[in-house]
Structures are given as C-alpha cells and as structure tokens.
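Noted in TrEMBL for the protein shown:
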{"type": "ACT_SITE", "residues": "A:Tyr290", "note": "active site, O-(5'-phospho-DNA)-tyrosine intermediate"}
{"type": "COMPBIAS", "residues": "A:410-421", "note": "compositional bias 'Acidic residues'"}
{"type": "DOMAIN", "residues": "A:3-113", "note": "domain 'Toprim'"}
{"type": "DOMAIN", "residues": "A:129-581", "note": "domain 'Topo IA-type catalytic'"}
{"type": "REGION", "residues": "A:165-170", "note": "region 'Interaction with DNA'"}
{"type": "REGION", "residues": "A:410-432", "note": "region 'Disordered'"}
{"type": "SITE", "residues": "A:His33", "note": "site 'Interaction with DNA'"}
{"type": "SITE", "residues": "A:Arg139", "note": "site 'Interaction with DNA'"}
{"type": "SITE", "residues": "A:Arg140", "note": "site 'Interaction with DNA'"}
{"type": "SITE", "residues": "A:Asp143", "note": "site 'Interaction with DNA'"}
{"type": "SITE", "residues": "A:Trp155", "note": "site 'Interaction with DNA'"}
{"type": "SITE", "residues": "A:Arg292", "note": "site 'Interaction with DNA'"}
{"type": "SITE", "residues": "A:Arg481", "note": "site 'Interaction with DNA'"}
Amino acid sequence: MAKNLVIVESPAKAKTIEKILGKDFEVKSCFGHIRDLEKDDMGIDIENNFKPKYVIPEDKEKVVKELKKLAKDTDEVWLATDEDREGEAISWHLCEVLHLDPKTTKRIVFHEITKPAIENAVQHPRKLDMDRVNAQQARRILDRIVGFEISPVLWRKMSMRNSLSAGRVQSVAVRLIVEREREINHFQSVSTFKVEAYFTGKDINGKNISFKADGPGKFKTAEDAEKFLQQCVAAAYTVKDIQVKPGKKSPAAPFTTSTLQQEASRKLGYSVSKTMLLAQKLYESGNITYMRTDSVNLSDTAVGEIEKAIKKSFGDKYHQHRKFKNKNESAQEAHEAIRPTYMENTTVEDSDTRKLYELIWKRTIASQMADAELEKTIAKIDISTNHEELTASGEVLKFDGFLKVYMESHDDEEEQEDEQEGSLPPLAVKQSLDLKEMKATERFSRPAPRYTEASLVKKLEELGIGRPSTYAPTITTIQKRNYVEKRDKEGIKRDFRILVLKADKISKQTESENTGAEKSKLFPTDLGMIVTDFLNQYFNNVMDYGFTAKIEEEFDEIASGKKVWNNMLKEFYFPFHKDVENTLENAERVKGERPLGTDAASGKPIVARMGRYGPMIQIGSVEDEEKPRFAKLKATQSIETISLEEAMELFKLPRNLGLFEGTDVVVNIGRFGPYAQHDKKFYSLKKEMDPYTVELDEVAPLIAEKRTAKDERTIKIFEKEKIQILKGPYGPYIKQGLKNFKIPKEKIDTAADLTVEEAKAIIEEAKANPPKKKAPPRKKKAE
DNA sequence: CAGTGAGCGAGCTTCCGCTTGACTT
C-alpha cells in the first residue's frame, strides 16, 4: 500500500500523474462529482437557510466505497481535483465522505499535466478554500431551484405537457434560437445595385492583362444604376493613383472546447457531440490534453516543444513566441488549451479521430508561428465623363507565416467569398485602360443566419452561459425536449436584375439564383416558441441574457469572501418564488392560438394552435354542434408562419388512392409520419413520397416489399407454440408472443438449427433468471 | 406503431456541472 493517496477527477489523468510521482504515490480518480442534491423535494431545506441535502448517486457508490477503503489504509490523502469552483467543491465532498479534516487535508492543483508542474504542486500544498466551495454550492442550489421550480409550472400551464423543462442555461439557449427565427421571418430584404467594371490593357511590362474594379458605392434603384452607366458611355479610363500598403494576419489562439467545436463544425462538418466524442477518444489514448477547457494557455514545456517543431519543419523565421490571454471573463482556466501531447506526432493511426487530431495539431503549431505578411494595392481609376471613380484592389502574400499550416474559418463564408481578393497586375499611374464591360448587379440584403450547433455554443460562451462540459449536453437537451430541431432548409428561387454596359450600349438582363438554403441549422419548434414566450412573460429575470453574468459576479464575491452564500440565495429566491406562485395562480393555460381566417365552405373560424399532440389547425369550435375538424401541421410548418391556403391543404388527408387486391389503400399522416393503410396493415411511406400527391402505383410496391422483408427477418417459426426465431439488429433472437429472449452466445451461430425444445428451454431459463437490474436503472422513456 | 384535439386527476416528468462506461430487442 502506497504511503500517499492522490485523488484527481479524471482516470486518464490519474494514470499519467502516477507515472510522474513514482511509487510512494497512488493516484486514483473520483470520476467527477461524487455527491449531488437529493432529487425528491428539491434537496434543499429552504426554511433552514438553504441547507443542501446531499446524497451519493447510485452510480458513484462503487467508486466512493473504493476511495474510502484506500483512504483508510494510507498515511496521507492529497486532494488534486481541478482548481476551478467545481473542483474545489469536489474536494470538499471528498473530505465529507472520506471523513478528512478540511482544515488539515492537503489540497494541490495543477493547470497542466507536466512533470515540473506536478512536482511543484506537491511541494506547495494548500488547504481547502471554503469560500470557493460555498460559491459552488450557491451555483448548484440556484440551478436546482430555477430548474425544479419552473419546470413544474410548465407542466401545469402548457397544453403539451410531456416532460417539459426549463433551466438557467437551456431556456436562454432556446430563446436565442427563437429570437433569431423571428428576426429572419420579419426581415425585409432590400436590394441595391453593385457596379463592377472589367478592364483589359497592358501592364508596366507590356504584358496583356485583365482585372476587375468596383464602382462607387451601391445604387439604391435600378434607375440610379442605369443613370450611372449612362454617364459612363464613351468614357475614357485612366489610372489616377496607386497605393501600396503593408498588412498582416495573425494566427488564432490554440483551441478551447468552444473554438474546437466551432472549427470542427465549419471545417469537418461535425456536430458538437461528435467532436467531443472523438476528442474524448484522443484524450484517453494520450494523444491530446484535456478536451473540456476554457483556457488558451499552453504550458512552458509545450511552448518549447512547439518551437522546436516549427524550427525543424519550417525554419527559424516561421517561429514567433506568443502568449494568449483569455478574452472571456467567465473562464475558470483549470486546464491548458487543447493541444497534442506530443508535437512530433503530426497524425494518429486511428482513422476516426485522425482529422480532428490533425486540426488540433495545425491550430496548435500555427499559434506559435510568425504573422503572415501581405501587401495590399489599391488603384483608383478615373472616369472621364463624370466625377466618380472606380477602385481596383489586390492583395499579395509576401510571407505566408502561419498560413503555411492553418487558416481559421468563419461562419459567414458567403460574405468572405465576396471579399476574397486576388492579386492586382502591376499598373502605372496615368496609364489608360480599355473597358470590356461594366455591370450593375442587383444584390439583396440578408438576415442574420440561423444558428448552427457550434455558432450557438459560441454565442452562449460570449454570454458566459454554460461551461465546456455542458455545451454539447445542452444542445442535445433542447433538441430532445423538442424545443429546437436541427434540419436543412431548401432555398427559394429569386430573380435579380443585371444592367450591362458594353460597347457603349446598355442592355438589361434578368437572372435567377437560389437563396435562403440552409444546412444543419437549428430551428425552433412551435413548442419552443410558445414555451419561450411564456417564460419571457413570467420569468424575465432568469430569461435575461445578462442573468448568468450577473449571478456569476455574485458567485465571485462569495468566492472572495465578500458575500455570504445563503444571503445571496435569499436575495434571489424570495422574489423568484413569488413569480412562481403568481404564475401558478394567474397564468392561463397556453394554447398558442393564431387565427387564420374563416372557412369558405362552412363560415367557421380557422385557427392554428398547439394541441396535446403537437401543432394543428382547427376549423370550428368544440361548442359547435358539429365536431370541429382537425389537421396536423407538417414538420416544416409553424403556427407563426402558416398561411390560410397552406392550412386548407392539410385537410386533403386522408386520401383514398383506390383499390389494391380488392381493398382500399388510404394514405394519411400519423404519429410516426406518412403511412398507407391497406387491409388493416400499415406501411410507412418512403421519404420522397408526398402523401398529398402520391399515387397507387407508387404505394403498391411498398406492400410487397414489407411482405418479403418480413420473410427475410424470419429464421424459423414454431406455429403451435407461438415461438419465432427472428433476425434482429443485434443478431438472432427468440420471440414468444410479445416478449423477446436472448439466445445464449454458444448457440447464436446455429440459431437456425434450434429445436422447439431448445427454444422452450431458453425461454424457461430466461424466465427463471430474470436479467439483473442495472444500477442505475435506466428509466424507459414514454414516447 | 399509425388516435387524438375538452377537462378531471392519477402519477409521471425537471436543473447544471463534474466524470466515464455499459450493452441492447
């Protein structure tokens, strides 16, 4: 038994540190938090000054038991959890559970897992910082109160009430998406005309050249643009002035969780959860440093390694020592930036993680490289027939610097393309130019783009909302709650006008472009919008974009001993709780109704609204003698934007397509999407089939297809015993009635040879030994 | 698996932030 027990949060870290510290130290991991607030009754004794009731969750019992045993048998326990607020709290919980004295137990921290950092930490232990622990408790308790008091309000007040939730982070994330959507819906596009002139001529060396110049500003109307072109008829063009300016570009800071998620999304098209999964793999295999971090700092050791790598591969002049500072005030910087552990590994074997690793490698190495040097040339071109001038500009890369390995991408790629500049040929002042043609092209202003997962993370980080470990789970949650969905949107065709001046004649053309197409963007659902409106109305304090930043300041005051944590909670809780009670008492049940007009056939009102099972259209009211008619909205439609015509279309279902094998085939949209019904059986329509237009000859093959699929799935049937041996996604299994049974491993390969007796025996065996309940029991979600 | 849409009341859900596994019907 080692003399010293060191406890860290992550098991991968434990392994590395154990190697560094040697045989007197045993390093174990507690796998993050080991206690949490009890779930029943909030786990907070509000009357008793917000006294928290902590319990050890079932899935942590094992590790706690093991740590208890080790702690008993060791001379000294060292608490080496992360230096941030959460880490300090984890150490305190360890003291409580392992019966260590917080006043004497050694607390050490390292911001980087390097030999000097760890040895230095062991030489300078401190004691637990209770102020910081209390700041964490205040954070935890406040989040519990917000989540567990508002969510039940939603269950009471929403017409759709299946497992709705609200929280300090998720509700604001949804709000951002809802507001962006409305901004887009209300956006009024304005068109302007942009002039571009194409010249030919000879450069200073007598070489034939051609280049482009931009016109003087944008014209508001086609008439203004035409007037300008008219003025240019028969004009002479001369170079009036040439300016050359040096410029430079600097590399971005090394990756944090948030910037890694953004770049992996833009460059590799990964979702944030995919990025984190792959990063976790790279971390566990020892290839990169910790992947949940908000720090841009690199250890001195790493900076040295990077310098060596740059000088070796690219030469001394490509190196430039840089130290990055976090812009974000909410950063807690318990770790390093995300970087390769060994710079000499330019790639990894594993093909799944390779692209992400290479991205991290490039970004890291670029961050210590020299600036790229540019030369920007601007030529002014005089028009003889008016007082305006044209501008041609070009950019030449004089020294590539960090661009040799890496260039950061931006969200608004389209805008970038517009501004992308090539080089300008060498021209001389007073040189005359030949106009090939001049175009005035109509351009439309665009609304802000919808959020991607990654751009939402960026926004949340800017607002100081959420932490590196929660960005990915938050995005999953708001989608799982059906507040938000990720999908593509097809663009629409739009015409634009072009005026062309060529050979002193003006001609007009119309062309069309596709606009508004989006891929993998976050759209709010009707539910998301309705819940957001409700929360904004009754809980505007918590929904405020600055709320987290405000309470973070207070947590900082608690951490620095300037404020008492219970008092902070008191100040928050009582007004908040009053809002909760007021809402419960006064708010009406929300239906999200929007009147669309009157039905021409019956004269009854038509409304779009939220039903118990989702957004729908209703004609007439329940008070009418005749029952109202209902139709479900399509997935891409929304209560807020659907038109009366679109709504009426929805009543064309169910459609009878005619007879097949003597019985009717009827298509409709159900709980699981569009389907056809024939002879009491159901057949899902293929994705490309539109239930509003699909014909019988397209649907009939589905019926045959399903019949053969069923045959293929069946390995064997014992008719009398009602036992089937079927092929499932995890291999063959036995089905009796509605119940499924696993086939023992040794018989899996010969499942087709099973006899009735053998199958019966397996069923009996399974019934006698029901599979053990796993801890924690995963609750089945009611769909 | 393929309905419904009101209201009542049973009994359920829910937060954020630390960490990784377990293993399918």
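Using the three backbone atoms N, Cα and C, a Cβ is placed for every residue, glycine included.
In the predicted model, the domain 'Topo IA-type catalytic' (A:129-581) shows an average pLDDT of 94.
Annotation note: A:Arg481 (site 'Interaction with DNA') sits in a coil segment as assigned by DSSP. Residues 142-143, 146-147, 150-151, 153-154, 460, 465-466, 470, 474, 477-478, 481, 483, 531, 535, 539, 542, 547-548 of the same chain sit 6 or more residues outside the region 'Interaction with DNA' (A:165-170) yet have a Cβ under 8 Å from a Cβ within it. When the Cα of A:Arg481 (site 'Interaction with DNA') is compared against those of the recorded positions A:Arg139, A:Arg140, A:Asp143, A:Tyr290, A:Arg292, the shortest separation belongs to A:Asp143. Within the domain 'Toprim' (A:3-113), the DSSP-based counts of helix, strand and coil residues read 44 helix, 24 strand, 43 coil. Put simply, of the recorded sites A:His33, A:Arg139, A:Arg140, A:Asp143, A:Trp155, the one whose Cα is nearest the Cα of A:Arg292 (site 'Interaction with DNA') is A:His33. For the recorded positions A:Trp155, A:Tyr290, the largest tally of other C-beta atoms within 10 A is found at A:Tyr290.
Sorting the region 'Interaction with DNA' (A:165-170) by DSSP state (H, G, I as helix; E, B as strand; all else coil) yields 1 helix, 0 strand, 5 coil. For A:Arg292 (site 'Interaction with DNA'), other Cβ atoms within 10 Å of its Cβ number 21. Counting only same-chain residues at least 6 apart in sequence, those with a Cβ under 8 Å from the Cβ of A:Asp143 (site 'Interaction with DNA') are A:Gly167, A:Arg168. Sequence-distant neighbours of A:Arg140 (site 'Interaction with DNA') (same chain, six or more apart, CB under 8 Å from its CB) are A:Leu37, A:Pro52, A:Ala89, listed in sequence order. Closest to A:Tyr290 (active site, O-(5'-phospho-DNA)-tyrosine intermediate) by Cα-Cα distance, out of the recorded sites A:His33, A:Arg139, A:Trp155, is A:His33.
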